[in-house]
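Trainee: Have a look at the structure that comes next, please.
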């Protein structure tokens, strides 16, 4: 992906206009560009929540049709192909997230919210037009599938430090809420009217989300934080997907947190990519039961990430809340691995809902251990780790299913049918048990994370620094804008020494 200077910048280089004409031209350009950036009201967490809700509601509608199309397209090695498709998408997201983040720090959040939602939802109508193109576009759409990253930057722009823990929890809960009813609605429409109508409704919802961003969402990044010219230089170090990972070893606390995130999110990413197929193939869930299961877990996750998270953070503390979430994750993965009956899946689903507190708690822990002007780098590291897991996790789970000969040989087996494979196996779900072992290692690593620490020795950005945003004005003291990813030459993570006040998640 290349970033070329806009035509007006090249014209400026060819013939420099008079000095007195520059402010007038610049003001006119800013006035023209500010019209579509205004939206309705002041930027808030509610705008971000609606964008997330609509995007994942559209994809939730396609849960049942997607399982059918996946089986029809890849009748052999279904789990493996699903893992590879999702793995390619995740790796592309990991590679593109820093560039999109750096550009959003320059040009604002709204243009990139619009772009990420559009390209993420672009494959939806292709499901009925051409399944092969649909899966190909899903893989390629990973380049822009970083809506959550831009949303988190948007939320950080509009909240104070002490509000971010709650705000991240609400955004994560909104994601869960979008999956409460959409799979059930999609399953009903599919059974009553066919998959074509489901795809049409999902496409309409995606278009509604795009229109909402275009018309209603205001820009969250203040104009004075953006460069005067849209042709401002961007350091390519900001676009390096491995730049944030290189900072991990510079501080022991950051290293421990990142290892914890990697070991906990790797099995979670794999689980998200294959679990609905697993419920249908191994356990024998039909479309209605899968939709009901998603709704139950979604509702409980909302309660866990809103009410329970706040209570646990106050009573147990940040670190112990993370440990509790990892404990729930371990239990639910082991239960999925050994469970062979439907009731076991329902019981494990309640535990899975409680494990959803882990990522918001980790986000709060990261923010708590970083100074206010280091938030972009600290959260950027976590974003990079999760992006890497989104690529590796699905491929890992697909490979393990393939190694243990778990295939989608029959679509929608009847519950308690003798044809359902692995019902009598000692370990019906090998990838989930493997994931539980990985989370156990994550739990052991998290034990060594200090409860309180604060970064110090921050190296501030100088206006004379080369390769950075030379036209970006200084930050006002009354504003706390958190960039998605910062240039490694701007911020350096130093050793965490002094305890400080608490501040702060698809």
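Using the three backbone atoms N, Cα and C, a Cβ is placed for every residue, glycine included.
Just lifted these from Swiss-Prot, have a look:
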COMPBIAS  459-474  compositional bias 'Polar residues'
CARBOHYD  463  N-linked glycosylation site
REGION    1-25  region 'Disordered'
REGION    457-481  region 'Disordered'
TOPO_DOM  1-49  topological domain 'Extracellular'
TOPO_DOM  71-82  topological domain 'Cytoplasmic'
TOPO_DOM  104-111  topological domain 'Extracellular'
TOPO_DOM  156-168  topological domain 'Extracellular'
TOPO_DOM  190-196  topological domain 'Cytoplasmic'
TOPO_DOM  218-255  topological domain 'Extracellular'
TOPO_DOM  277-281  topological domain 'Cytoplasmic'
TOPO_DOM  303-319  topological domain 'Extracellular'
TOPO_DOM  363-387  topological domain 'Extracellular'
TOPO_DOM  409-428  topological domain 'Cytoplasmic'
TOPO_DOM  450-506  topological domain 'Extracellular'
TRANSMEM  50-70  transmembrane segment
TRANSMEM  83-103  transmembrane segment
TRANSMEM  112-132  transmembrane segment
TRANSMEM  135-155  transmembrane segment
TRANSMEM  169-189  transmembrane segment
TRANSMEM  197-217  transmembrane segment
TRANSMEM  256-276  transmembrane segment
TRANSMEM  282-302  transmembrane segment
TRANSMEM  320-340  transmembrane segment
TRANSMEM  342-362  transmembrane segment
TRANSMEM  388-408  transmembrane segment
TRANSMEM  429-449  transmembrane segment
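Can you tell me where each of these features sits in the structure?
Mentor: Model confidence over the topological domain 'Extracellular' (1-49) is summarised by a mean pLDDT of 51.
Per DSSP, the topological domain 'Cytoplasmic' (71-82) is made up of 8 helix, 0 strand, 4 coil.
Secondary structure of the topological domain 'Extracellular' (156-168) per DSSP (helix as H, G, I; strand as E, B; remaining residues coil): 11 helix, 0 strand, 2 coil.
Long-range contacts of the topological domain 'Cytoplasmic' (190-196) within the same chain: residues 64-65, 68-69, 127-128, 287, each at least 6 residues beyond the stretch ends and with a Cβ under 8 Å from a Cβ of the stretch.
Under 8 Å from some Cβ of the transmembrane segment (50-70) lie the Cβ atoms of residues 78, 81-82, 113, 117, 120-121, 124, 127, 131, 134-135, 147-148, 151, 171, 174-175, 177-179, 181-183, 185-187, 189-190, 195, 198-199, 201-203, 205-206, 208-209, 212-213, 217, 276-277, 280, 287, 290-291, 294, 408, 411, 506, all in the same chain and six or more residues away from its ends.
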Trainee: Using a cut-off of under 8 Å between C-beta atoms, tell me which stretch among 83-103, 135-155, 169-189, 320-340, 429-449 contacts the transmembrane segment (388-408) the most.
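Mentor: Result: 83-103.
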Trainee: Using Cβ distances below 8 Å and needing 3 or more such pairs, separated by at least 6 in sequence, tell me whether the transmembrane segment (256-276) contacts the transmembrane segment (135-155).
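Mentor: Between the transmembrane segment (256-276) and the transmembrane segment (135-155), contact is absent.
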Trainee: Check the transmembrane segment (135-155) against each of 83-103, 169-189, 320-340, 342-362, 429-449 and return whichever range has the most CB pairs under 8 Å.
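Mentor: So the stretch in question is 83-103.
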Trainee: Which residues of the same chain, at least 6 past either end of the transmembrane segment (342-362), have a Cβ under 8 Å from a Cβ in it?
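Mentor: Contacts of the transmembrane segment (342-362) (Cβ under 8 Å, skipping residues fewer than 6 from its ends): 165, 168-169, 172, 176, 257, 260-261, 264-265, 279, 283-285, 289, 293, 296-297, 299-301, 303-305, 308-309, 312-313, 318, 321-322, 324-326, 328-329, 331-332, 335-336, 382, 415, 505.
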Trainee: Near the transmembrane segment (429-449), which same-chain residues lie under 8 Å Cβ to Cβ, leaving out any that are not at least 6 residues past its ends?
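Mentor: Here the qualifying positions are 253, 256-257, 259-260, 262-264, 266-268, 270-271, 274, 278, 282, 319, 322-323, 326-327, 329-331, 333-334, 336-339, 365, 396-397, 400-401, 403-404, 406.
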